[in-house]
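Colleague: Pulled these features from TrEMBL for this protein:
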- G116, S117, D253, H315, T316: pyridoxal 5'-phosphate binding site (BINDING)
- K282: N6-(pyridoxal phosphate)lysine (MOD_RES)
- K282, G314: substrate binding site (BINDING)
Amino acid sequence: MTDTERLQTLDQQHVWHPYTPTDDYLKTKPLVIDHGEGVYLVDSEGNRYLDGGSSLGVNIHGHQRPELNEALAAQAAKVAHTTLYGMTHPGAAELAERLVRLAPEGIDKVLFLETGSSAVETAMKMAYSYWVFKGAPQRNKFVSMTGAFHGDTMGALSVGQMTILKNFYQPLLRETSAFAQPYCYRCTLCQDNCTLACADTLEEVLEREGDQVAAVLIEPRVQNVSGMIVARDGHLGRVAEIAKKHGVLLIADELGVGFGRTGKMFACEADGVTPDILCVGKGLTGGYMPLAATMATAEVFDAFRGDGKMLLSGHTYSGNPLSVAVALASLELFEKDDVVRRAQEMSVILAEELAKFRPVPHVGDIRQCGMLAAVELVEDQETREPFPWDVGVAGRITDRCKELGLIIHSAPNDTIVIVPPLAMTDEELRTMMGILLQATRDVVGSLAS
Ligand SMILES: Cc1ncc(COP(=O)(O)O)c(C=O)c1O
């Protein structure tokens, strides 16, 4: 038995993998990733793969960046963990100040957490507590967009609106309301003559039940997990305006879009919106450590002052010093490498590469916002009819990509999602998109035969 086979066996005997069909996985010989090198992942047999999904949207500066490795080692030599309950540490104070400087004007406070789900969950508790302290405890409902994904703990799942998760967990979840997502390709509201009617459906929801609503949640600009659904300019502004008109808090979940992905540091900037509460994570540490934050305006924070009031929420590892140290080093790299400007430059190349998919049979929609993109495949390009789910077109394409040296993921509706590490060179980005194009052509060709 080779070392790889031994690890595969141990894994299949004991590791339970998230969001992975059990029997299919047990039939495969799983990939064992041994290490990373820049924008490549290298398996235990020495095969190299471009990390085309940025290891679930977290990798910004590439793997094994010396500056990030050094920051971790330096912090480990001081203290690996200490709490933020009633005390602080230097990194937390420095990072909070830095994040406030980067965030939209008006965001002033930072609560550290570990994951996106916990950041969203905390934002919900924060919004509800805000209304309790303001004397309106009946405001305990949440509204989010159809297709939304905000994480997979119970609260976060409740405000998620992806059918597959919602249908399965429904009996365990809180009731929430939804307004229409900006899915232009499948729009039934204003179709090709966009008036942002999708955003206006929020108005109907809030007219009906606004006085019971604590907050509206939105993934600004791009809904990631449901397949890179890209909102038009002005969409976020319209949603923010409607929420404000009804006196409801706005929670922007920038887990998927923050830290340069859309060509801005934060996606809210594009529409000049300051949400009341802002959730960030994923790329915060450049993909090194789990760290997230729920940020808020001073107006939200001030509701928690006086009479022994506090936010009744927090986790053991919130603000872990190792994570915070690497986040500070990552933000230094943002400046040193001019990451946001670089993302804007690369998005032009990405657009050129995406255009090559247009003539491929079965390519339905191509979406892009900065360095986030998607290719949606359909059975019938005229009617936009999806493939029957059991054809598994997107899965076949991602499998073929793996054979060709690219790790990339799919989303519902046979959509391939493209989330390149922002440290890619132009050449690496073109190579990655070339592999995806070839894999798409191969799979589409095999359907015809
Ligand atoms: C928009 C959004 N919110 C929340 C989450 C949940 O983050 P985590 O997986 O870190 O809990 C994700 C994860 O993909 C996300 O894309």
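Note that the numbers count up from 1, one per residue, in the order the chain is shown.
Every residue, even glycine, has its Cβ placed from backbone N, Cα and C.
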Colleague: Taking the Cβ of G116 (pyridoxal 5'-phosphate binding site) as centre, how many other Cβ atoms lie within 10 Å?
Modeller: 27
Colleague: Out of the binding-site residues I have (S117, D253, H315), which ones have their Cβ sitting under 6 Å from ligand 1?
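Modeller: From S117, D253, H315, counting a Cβ under 6 Å from ligand 1 as near, the near ones are S117, D253.
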Colleague: Give me the non-local Cβ neighbours of G314 (substrate binding site): same chain, 6+ apart in sequence, Cβ-Cβ under 8 Å, ordered along the sequence.
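Modeller: Spatial neighbours, sequence-distant, of G314 (substrate binding site): L84, Y85, L111.
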Colleague: Given the binding-site residues S117, T316, which one's Cβ is surrounded by the fewest other Cβ atoms within 10 Å?
Modeller: T316
Colleague: Return the maximum Cα to Cα distance in Å (whole number) over the record's pyridoxal 5'-phosphate-binding residues: G116, S117, D253, H315, T316.
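Modeller: Spelled out: the longest distance between any two Cα atoms in G116, S117, D253, H315, T316 is 23 Å.
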Colleague: What residue among the recorded positions K282, H315 has the most other CB atoms lying within 10 A of its CB?
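Modeller: When each Cβ's neighbours within 10 Å are tallied, K282 leads.
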Colleague: For H315 (pyridoxal 5'-phosphate binding site), what is the secondary structure state per DSSP, taken as helix, strand or coil?
Modeller: coil
